[in-house]
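Q: According to Swiss-Prot:
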{"type": "BINDING", "residues": "27, 29, 31, 49", "note": "Ca(2+) binding site"}
{"type": "DISULFID", "residues": "28-45", "note": "disulfide bond"}
{"type": "ACT_SITE", "residues": "48", "note": "active site"}
């Protein structure tokens, strides 16, 4: 779930997941902006969204 994802990101990267990934790439965050995923993390968001 979203809470577990956030905890994993914080533990592994030390970054606050919601402020860092809310607008990351083309697909992370609320809705997708379309286009080709920019990186592996963005690709993961793409797979989750689609």
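Using N, Cα and C of the backbone, Cβ positions are placed for all residues, glycine too.
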Q: Determine the minimum-neighbour residue: among 28, 45, listed as disulfide-bonded residues, which Cβ has the fewest other Cβ atoms within 10 angstroms?
A: 45
Q: Just counting, how many other CB atoms are there within 10 A of the CB of residue 29 (Ca(2+) binding site)?
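A: Its Cβ shell of radius 10 Å holds 15 other Cβ atoms.
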Q: Express the distance between the Cα positions of residue 29 (Ca(2+) binding site) and residue 48 (active site) as a whole number of Å.
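A: Given the Cα positions, residue 29 (Ca(2+) binding site) is 11 Å from residue 48 (active site).
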Q: On the three-state reduction of DSSP, what should I expect for the residue listed as 'active site'?
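A: DSSP call for the residue listed as 'active site': helix.
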Q: Out of 27, 31, 48, 49, give me whichever of these recorded positions has the highest number of other Cβ atoms within 10 Å.
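A: Result for the most crowded candidate: 27.
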Q: For the recorded Ca(2+) site formed by 27, 29, 31, 49, which further same-chain residues have Cβ atoms within 8 Å of the site's Cβ center?
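A: Once 27, 29, 31, 49 are set aside, the remaining close residues are 26, 28, 30, 32, 33, 45, 46.
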Q: If I take the alpha carbons of the residue listed as 'active site' and residue 31 (Ca(2+) binding site), what is the distance between them in whole Å?
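A: Checking the Cα atoms of the residue listed as 'active site' and residue 31 (Ca(2+) binding site) gives a distance of 11 Å.
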